[in-house]
Every structure is written in C-alpha cells, then in structure tokens.
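Written below as structure tokens is the structure these notes are about.
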Amino acid sequence: MGEKYRKGHHAVLNKGEENEMEIFGYQTEGCRKTLCIAGYVFSCGILPLVFYWRPAWSVWANCVPCTLREADVILLRTTDEFQIYSRKKVTWIYLSSLNGSVSLTPDHPVIADEDYVINRAIIRPDLKVRCIQVQKIRYVWNNSEEQFQKVGCLEDGFTAAKIHLKFGSGLTREEQEIRRLICGPNAIDVEITPIWKLLIKEVLNPFYVFQLFSVCLWFSEDYKEYAVAIIIMSIISITLTVYDLREQSIKIHRLVESHNSILVTVCRRKAGIEALESRYLVPGDLLSLSGNKIQMPCDAILIDGGCVVNESMLTGESIPVIKTALPKVGDTVPWKLCGREDFRRHILFCGTEVLQTKSAGSGTVKAVVLQTGFNTAKGDLVRSILYPKPMNFRLYRDAVRFLMCLIGTATIGMVYTICVYVLSGEPAEEVVKKALDVITIVVPPALPAALTTGIIYAQRRLKNKGIFCISPQRVNICGQLNLICFDKTGTLTKDGLDLWGVVPSDKNGFQEVHSFTSGSTLPWGPLCGAMASCHSLIVLDGTIQGDPLDVKMFEATNWEIENSGIDFHVRGAPAGATIVKPSQATCQIPVEGIAILHQFPFSSVLQRMSVIVQELGGNRMAFMKGAPERVVSFCHPDTVPSNFASELQNYTIQGFRVIGLAYKRLEINHHITAWIREKVESDLTFLGLLILENCLKEETKPVLEELTSANIRTVMVTGDNLQTAVTVAKKSGMIAESLRVILIEANEADGSSPASVTWKLLEDRKHAGYRDQILMNATVFARMSPGQKSKLVEEFQKLDYFVGMCGDGANDCGALKMAHAGISLSEQEASVASPFTSKTPNIECVPHLIKEGRAALVTSFCMFKYMALYSMIQYIGVLLLYWKTNSLSNYQFLFQDLAITTIIGITMSLNAAYPKLVPYRPLGRLVSPPLLSSVFLNMLFSLAMHLLGFILVREQPWYSATDVFSACSLPKGNISRTATSPMISGKVSPDSFMSYENTTVWFLGTINCLIVALVFSKGKPFRQPIYTNYIFVLVLAVQMGTCIFLLFANIPDLYQRMDLACTPTLWRVYLVIMLAVNLILSLIVEEAIIENRALWLIIKRSFGFQSKSQYRKWQSVVASDQAWPPLNQTSYSERLESASGVSYSNPVFESHEETP
C-alpha cells in the first residue's frame, strides 16, 4: 500500500502463531462505492473480475483507511513471504436477540465480570459485539484492549485455582446462552460445497477467463473447430477438477460429520445435570464423563478424576494415554505453566476417544470445556486441510515471469501487426482481430494444462506404488529434495521391541545380566516390582493395551493385571486403582499383589514416568522408569554404580534400547494427593537397566545406501538415546563405520546457568555461532521432542535445504507438515495433514517419491520449453506472413494446434521415472542459463530457417505473387475449372490464404514443432529414454509421416482445403534439407551444450559463480576452518540480550541454489 500506518489502523492478529496476519481497518465511502459500481457497468464486468482476483484493490477502491474501532471492512495480509490479502466484513452480534430466554441489562452481573474476553467485547448500553470470521475462527473486538481477540476458548491467563473456582460447579443458564451466541456453536461444520459454487470458482480462474477471450476471438474469425476443441478440453478439465474438489469436500465432511451430534452430560450451576447435543457446548461448561469409549466433542481440561485416552487421531499412534486432573494450586501462574508436567496431560482433546474413566471418589469424572469448534485440536487439523500453507516453489514464480516475457513479446507483435495492417489500408475490425490473434499465439491457452500433465502422470504412478498425495504441486518439489529426515522407531527400525534382559544394580555395582530368553522369571525384589507396576497399561476388552515397551516389560514378569473391586480400600487411593498380581505360573513371590495408586505419566519432554504403589498389606513405594541419564539424576549418588556411564555405553553402542529403573520407599500414612512429583522423584535408589532390542527393517539399509549414493543427505531425528541412535545409524549405513563420531550434548539455560554445548569423541557453538556448523555436519539428533523436530526441519530450511521428512506419524505430525515433502507411513487420521502417505510402512517410498518428483520436474521443463517454442514458431511464421498481409488459414492453425501440439502435450509427459537416482538434481528454476539458452538458440534456429525459406521462395523462377498455380502444371481432370471454381483463371479468391510464402512457412513451422518435441523429450538421467514412451514415439511417427505425405502429395482437393499451393518437387526437397539441418543443429546444441553438465560446471568456475544457498556457504566455511570440530570442550552461550536483534528468514519453498 505504501502508506504509513496511523495509530489504530493496523494490528497483528494471532501474533507469534502459525496463522499470524496483519489487519487493517477501512470504512466504506459512498462516493467511492458509486464510482466503482459505475466502473463495473462500463467495464462490462471486467473490473469486478479484477477485484475478485485482487481483493485488496477492491478495498482500496471502495474504502478509506480508518481505525480498527471504526472499521466496517477489515483487510488482512499474511505475514509470511507470500503476503496474501483477503477481505472480511465486520458483523454485529446483538445480545437483544436473547431477550426471549434471558433478560439482560447493561449492568447485569453475568456480563459485568471483566475477567472474560466476551464480556469486554460487549458494547454498552447497546449490548452488541463487533466480530469478524477468519478461516472459520471468530474474533471479537475487545473494547478495553482495542484489538480483535479469538473467542471459542478459555482465557490462557487463568490460574489452575481460578479454573476450579469459576468453572468447577458449571455455568448458569444465562452464561451458557450468552457464550453460545458470541462464541458460536461447538461444531466443525464443513459443508459439502455445492457444485455450482465450485463451478463458478473454477471458471473465474484467470486461465479459463483467458481461454474464454481466446474462444470468442476465434469464433469471430470463424476458427470454430479449434475453439470447439478448446471448449471440450476445458469442459473436461473443469469437470474433473470440480469432481475432485467435490470428492475432497465430501471426505472432509464425513471426517467431521459425527463430531457435531454427540450427546453429552453437562453440570449446570444451580440447575443440576442436563443432557444436550455437543453443538451447544460453550467454553467453561462442566462435562460429566462416565463409562467407556466416549468420543470427545471438544477440548476439555480434566479437573476431577482420571482418564485413559486413545489419541491416535492426533498422534497417529494407537497407544492409550493417561490423563490426570489439573491440580488445585493456588499460585498466580497461568494454568499451562503451573507444573513441570506437560499441560497436555490434563487436556482431553477433541476427536480422541476416552477408553476408560476413573473417578477420584464416588462421583463422576469432570472436565471443563476449554475450546470449541474450529479452535479445538481436531478443528485445527481440519483447518490445515481447508487452508493449506501456500507454496513458493521457485519454478512457479519463474513460470509467471516467463509468461510476462511472452506477453511482452506479444505486445511487440501487436504493435508490428497494427502498423503493417494500418499502412496496408485494412479495415479497423480486421486490424484489431489480427492484433489480438498475436496474444493467443504467443501465450497458448493450453500452456497451463500442458504443464500439469507430468504431475498428473507422476501422481498416477505413485498411486500404483501405494503412495497417495493430497498436494499435487509438491510432486515437483520432491524432485529438488537434497536432505531427508527420518524418525527412528517404527520408521528405520521395526515397531516391536524384544526384551533382551535386565542388568540389576546394588551397592557393589552392576550384577550379571538376567536374560529372559531362557524363560526364567526375575526373583522378587524392588526391580521385579518396578517392572510389574511402573507402566501405564490398561485392560480393555480382555487384552492388555499400552506402549509396546511397557507391554514387553510387564509380560516378562509373568504377572497379571486387573482393576480393583468395590471392597478394595487403601487410604487416599482411587476406587478403581489398577492391581497387578503374580500369576499362578510364578512361584515364591511373598506379596499378594501391588496396587498402582497414582501415576505421573511419561512425557517425551521429561523423558521419564513415575508411579506410587502399595503392596497389598505391605509397604508403599515409588518407582521411576525412563532415560537412564535422566533417572540417575534423581538417584542418590551412592546407589549409582561407578561404572554406570561405561556400562550404559556398552549396551547403547550395540544398538540396544536401554531404560533406567529406580525406586524409593514412602511413608504409608500420607494421603496420595499430598505427594507432589518433585517430592516423589527425589533421593531414589537406582535399581538397574532394562535392555531391549530394536531391529532394523530389512528395507532400511538399501534405501539409505541408495540415497547416499545420490548425494542426498540423510539425518535421523529421534527421541531415543543418542548412543542407541548412533549405533542404529551405523548399522543402517547412515554413518560409515570408518568415520569418527563426535557427540554433542546441548543443554538449555537453567536459572543462572547459561545454555551450553559439550563436544566429545565417541571413541575414547561458541554461543549461536556453532548452530549452523552443527546443522551442516550432524547426522543424528537424539532426545528430540515433537516440537524440536519441527524446529529442526525449519532450521534446515533456513539453510536453503529442500527437506523431506519421513515418519510413522506418532510424534512427527508437526515436522511432516513443516517439511517441503512430508511422507507419513501411518494411515491414521493424524497423517491427513501430511502431503504424502505411504501404504507400505517402510522407507522404500522415499526414493520412489524423489524419482517421480525428478521425472515430473524435468517433464514440466520439457513441456514449458516445447510450448514456448511452439508458440514462438507460430509467432515467427504469422508475423512473416503479416508482412504480406497474409496469415495461416483456420485449417492450418487447426492442424498445428490440435493434430500436432495437443496430442504431443498429452503424450510427451508419459515417460516414466528413471529407475536409478543419479548424484545430482535436475534444474529447479526456469530462469536458468541452460534452459534459457536452449529456448533462445532453438528460437534462433527457427527464425533463421523461416527467414531463409520466406526469402528464398520469393527468389524462385516459378514464384508468382498472384498466380499460385504457376509452379506446377497439374494433370487434367484433377481440378474442376468450372465457373464456380476460384482457380479458373489461375488466381485465388480474396478470402484465400493460399500463397507460396504461406505454404513454405506452414510446412517449415509444422515439422519444426515435431523436431523440437523430439529434441526436448529428455530421457536419462531423470526419465526413461524416449523409446520407452511407445505412445509418444508412435504419435510422433504418425504425425511426421502425415506431414511428409502432405508435403510431397499432389492431391489438389486436399491442398485446396488446407490452402496449400503446389510447389516443384525440388523446392520440397529444399524444405526437407532445411528441416534436417535444423534438427541436426538442435540435437547437437541440446546434447553437446545444454545437457553437458561438465561444461556448465566449467563455465560456472570460470566466471567465479558462487551458490547463493546458505548450506553451500557453510560447507565452504567448515572446510576452511582448521579448528573445526572443537573437541573435549564446553561452549557457553552469551547473555540472551545479545541475540535480541538477530532474526532469520525462512524461505520455506525456495532455494537459490544453481544446479547445472
């Protein structure tokens, strides 16, 4: 806009979030609107069409800037590199509409509480609320803070104590009605878009509008055949697109359909319990949960009791998750920060299934509604599908620039045409038609459709290999991938774990390994108790369910699990406590069983879990299980063996997964709720190490070797132990056995201690400065949380890598969405947001995807080059004929456009991907020296050939500008010389295009189109050779045969229909020679120069070309740094303030790398 934002006119919506936007206030002005309406009429609908494509222009034309408080129109602009504008109308919500059910006054106590955003949004005394709806989320104007704020969720600033106090008894009927009106229904409504809406939206695409312009022009020139052909192709294209969009709309609708009609039980303050449909829920409602297998219709905070939840919808992993109640802490910290535990442990997410409920007493489990509708976890997933992140792949931006160049070329041709025809005294109507014709010649309407054929064919081939794509444009991006991040467990290794053994520990150090392979049970003791009880397993439908690690550990004890009965009474213990007991197969166990009284669930952030248990009729204890390094940090040093580090390394270096176990005795007279996690998890006694084996998948090593040989960097991103991950990386070939491995341990800032990075050789950033060097050299990133995985992918993208992410969906959803190409090996609902999903649960899909991406990318370039050359060939030929105020006839155009180019466009892209990955990538840019050189040189060859033919034909002794029958004497009877024949006098009719120049130019141009199709149909190293594309070879052979037949045939009726003049056989031979020379030159240039990678590398080095990719620059820095890598040292960060001015750009879908 270029204007200075005056106070109150501009603000930022969702600051710091993924969907951050800038908003600007505008007010509609009557005079401006009147002028715009007049413009709509006088422009014959062109102006509203432009405003439809550019909503910002519509706002700037109709409105004047104002403060957001006064605005009736809001202009939104994304803050990413795309800068996409959208327009929203400010609407009003009137509380007076509730007067039938709720009697409200400006000072009513229900709306007087300023703690709530919805109350601060109510304008008094009118009792109305201003709001806007953006991407399915409602925002209301907060009058006190002068900004738009999201509604449909509880305020983040509430403390845990306040949530219990304000919502622990439920909402009153008046509060529910007001919230329901302002927040909207608790529904994820995705309507099945009507076909007519999809049709209008597709037809108003600029591409189809240009086609409509072209078709109208062709009909006015009686070029009906090709116009009808384009209409038919457009109808087919639109129908297929509308069908796909409609099917996708139906799928998303079915995904959320059941969510909106769930019957729930709500506790109302002063009114008791009430059953109602879930769509009527509002933030703050108190849900009463009872029974099993409950579908959650909203996000809710558990405040009383506990739950076991299946969160596969969110994580892609069908492992039951324990949810605990939000504690009633009385501090002033917001509830999400009130404890060291992940706050998600207290949230029941929308779309998840509550498998079991466990009440704290005799009552039911209770939860406060946190978020409703599209604010929920499931709503966010659906919104990510409805509003996907736009792509900024360099290819598409270059394509737009190239089209602009073609339009510029067309403009020059239009000026030339107007000058020639005006000077020739042609009628104005004819001048306009001929000038507009130039645009449809230079910018062929079939260009966008031709460019997508390669992607369509690649998608079909991927589907045949069990790889499904929801974002077709990303197929081309896969051709540029040069770094792949892999999750470890379930992706590189098998899902299941085998229990190898346990290493007990006592004061004397580690004991001999107890192996479970012999079938012998572990003797009773704290170690056996820890294995039997320190887990989150449940019994569901008669089977034990939970984390595979927990299942293997528990099964090794030969104990049984059950829920406690009514007669079970332990002071402070929940009535439905889980009981584990020795089975009949076990012997000499002195305890009847163990009751699991309380759990501190496992967290990937904390890397541990703990339980409080009590032996039936005996002692109360706490057990801990987790990452060995974390567990020993909570143990009394005297109980940790002195050789702990070496023993741990001994197993991790062999690739075992190692779990640490510890315990402590607790006082039995304390109530369970009196024990806080920090107190329980202190001064523990170390018990030993649990050793599990995780085997590589058979496909892992060959695939990684294939990627490495193709110079595609592979990285492991895992939440597991670093030593274990390194061993898996070595076994898989990700790290060569001969390489030295340096362990880098990064520690976050903690209190007064600054963040630090420690370097150590496996065998025996000064502050932020080492960050990029680590990213450039590290192969294994261990102990990574899901959020850190996403951040790592983003950091790689900042270095201009094209990043692929392959995971099983369990903890990788964020990284899968963030990557240029996310490949999910899980078909769970959580993987819906991933661009690619593989039915085969191994990483074989990765090289398949890269091969097809490379083939599709090269196909796009081939088609772009061909369509550009085809249009320029026609352009050159037509402009030469315009010089004689002549042109190609409709049938000549039709033959080139339909019989040649359209069929080539359909079949040229059928080449399959080459089966081997070569160690370099195809070009990623249209505006690159090799590609531009190819187009420019072939255009020069065509221009030279056309000019030569145009000039030479006029120099021939048989040439006549008026008599097109002077060149050959036709046999008698071949042409009827009746009075109705236009050729009776050897002259042509004024409407005929027949001339020697026309015939020469047409033959040269038509066969030249076949030549460039042959030359540009690139095979190895990214696509299969041209001879494997049997359909294309057959089409090319038939087309060439037809053209040669037309050239040498003497069929007067056919020549007359095609407006071709008969020429001597020798001249036809000359044309073949010119075309043959053009073919030879094009092949030599394409093979010896354009496709000569070694030559381009020499040229780059000669001119001192330096790659603009950040990772290339850092490779040079690291290579020249003699002190890299630092060993046996710890680097500490500087004060945080020193980095306050540092910012990084994130070109998510862009790389400046020049690859020959």
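One-based numbering along the chain as shown.
Every residue gets a Cβ built from N, Cα and C, even glycine.
The domain 'Cation-transporting P-type ATPase N-terminal' annotation in TrEMBL covers 154-223. Per TrEMBL, the feature transmembrane segment maps to 226-245, 399-423, 435-458, 864-883, 895-914, 935-953, 999-1017, 1029-1049, 1069-1090. The feature region 'Disordered' is assigned by TrEMBL to 1136-1156.
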The transmembrane segment (226-245) and the transmembrane segment (895-914) contact flag, 3+ Cβ pairs under 8 angstroms
yes
Between the transmembrane segment (999-1017) and the transmembrane segment (864-883), do 3 or more CB pairs sit under 8 angstroms, pairs being 6 or more residues apart?
yes
Do the transmembrane segment (895-914) and the transmembrane segment (1069-1090) share at least 3 Cβ pairs under 8 Å, sequence separation 6 or more?
no
Of the residues in the domain 'Cation-transporting P-type ATPase N-terminal' (154-223), how many are helix, strand and coil by DSSP?
43 helix, 2 strand, 25 coil
Sequence-remote partners of the transmembrane segment (935-953) [C-beta within less than 8 Å, at least six residues beyond its ends]
865, 868-869, 872-873, 876-877, 880, 959, 996-997, 1000-1001, 1004-1005, 1008, 1012, 1015, 1063, 1067, 1070-1071, 1074-1075, 1077-1078, 1081-1082, 1085, 1089
Find the average pLDDT over the domain 'Cation-transporting P-type ATPase N-terminal' (154-223) in the predicted model and report it.
85
